[in-house]
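Novice: Let me begin by handing over the structure; questions about it come next.
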Amino acid sequence: MLYKLRTPVAGVIILSALLHLLTAIFSIGYIHPDEHFQILEFIRYHSAPDAPMVWEFHNKIRSYALPAFLYFIQQALWYIGITDAYDTVLVFRLISSALSFSATLLLLITAQTWLNTRKSKANNSKYLLLTAGLLFLHYQIPFIHARVQNENWGASLFIIGTALLFFNRRATQKHIYTAPLAAGFLLGLAFLFRFQILVMIGPLMLWLWVFGKRHFSELSLISGGIILAVIAGVFVDRWGYGSYTFSFWNYFKSNILNSELDKHGVAPFYYYITNYIGRDNNIINLTVVLFTFSGWLMFPKHVLTWITAPFFLIHSYIGHKEMRFLIPILPFCLLYIPLMVAHLQDKVPGVFKILHLKTAKVIFYLMMFSNAIGLLILAFNPANKKIGLLEFLNSRPEIRKVYFIEHDNLNISDLQNHHFYPPIPEFIPTPPALIQKQDSSFHLEENYVFTSSYQDYIDVLQKRRCDILYQRDMIYLIHDLYCRLYLLQPQKGRETLFTLFKCYPSGQ
């Protein structure tokens, strides 16, 4: 099927590969603390078990599958002389991007079978190009793929396992036993990486039986592969936690039966819809939501509907909600756009002549521009500015003491809890009013000053003679312009503008 990926599609894939590489390099840090404390700190525990661990570790509610895999990657890096923690995490991000990129390529190939249900195939290459553009160049995709998180890795393995069940079935006749067994094992690993993916695996298996007309023997082999992966996960957890446990049961008991999740906040059932539409790139997000909901109604028997709709509905029912929980279904939801476009073109020929209207063109190019800006912002902006700061401080060992201006938007104790990385310099809290006192000892000595708000940044520049050592101001300027363009609320005063100064004594 690869030969069908013609030149324009190949161009999209190559561009996406470049964006994946750049995003993996520059999007330092994590988008949610779980990405660090439940993966990197789990890895660190087996090299330095003295530091404190999060409650999830002590309750054994997380599978050790992903931390164990990355632990042995870390050991291999140490063996060849790569011991720097930040370089190690960079390799993790590169592996994550490569895995997810490969999974997306398989999804693109598989989608040609899923979407090839229309009567007219004259515009097949255009639909393929549209599908490739959505899967590879949607503004969130390279950024999500670079994340070393369970949602992303679980989604990638689910895609690969699913693709193996659909991709070129005639070729798998030579491997009538190994192909479904391998697919099941991959689906089982996806479950271990993200337990909630069970809500995708179950409906997929039902669809294969009811609508896919798969033989019972094939479904049994798939189930056998899943069971093998789960059994392997038990032994991995034994290695990780030091005792036998069923982490998936511990997770279900703690977060569902005992409602531990609700302690972290609850949201109404419509949260995912309103929050996703109200985020940056709201025009694109609204389009994805409308096409997905329309696809569910128009194609209730389609495999995409069985994979995505139950997952969304169950997560909407659960009280605690986070947008990252829906990461596994995002690529599948994007496929509803070419599916619906092809369906409308068949049912109402010429319906898309409306795109020739000037207003439609303006909206289309605005969406393209919006998507491009989103790609650049997410590619070159640290996923977590604190980790970007820590990495810079690690490169400047001469910095042993840093004065920081106290504000609510900076939690220094949080910085000091990142034990996977080398120890950070001593941070000394400094009241904002001290900046205004020219005769204080603070102004009479050379020191390093860190500010986390735009106003403090201006105050330091006005009161001290300083060099800026670390800042990523341009990204925030672009982000503010972007927010204003779409009538969103920009960062007021760029309140989280991290700046590290080297300041000289007053009078010099």
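Cβ atoms here come from the backbone N, Cα and C positions, even for glycine.
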Novice: For the transmembrane segment entry in TrEMBL, name the matching range from 94-115, 270-291.
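Specialist: Based on what TrEMBL states, transmembrane segment spans 94-115.
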Novice: Based on Cβ pairs under 8 Å, which of the stretches 63-82, 127-146, 152-169, 181-210 lies most in contact with the transmembrane segment (325-342)?
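Specialist: Stretch with the highest Cβ contact count: 127-146.
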Novice: With the transmembrane segment (303-318) as the reference, which stretch in 94-115, 181-210, 216-236, 362-380 has the largest tally of C-beta pairs below 8 Å?
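Specialist: Against the transmembrane segment (303-318), the leading stretch is 181-210.
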Novice: Cβ under 8 Å to the transmembrane segment (152-169), counting only same-chain residues 6 or more beyond its ends: which ones?
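Specialist: The answer is 1, 66, 96, 99-100, 102-104, 106-107, 109-110, 113-114, 144-145, 179-180, 182-187, 189-194, 197, 200-201, 204, 208, 222, 307, 327-331.
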Novice: Six or more residues out from either end of the transmembrane segment (216-236), which same-chain residues have a Cβ under 8 Å from its Cβ atoms?
Specialist: 63-65, 68, 165, 176-177, 180-189, 191-192, 201, 205, 208-209, 244-248
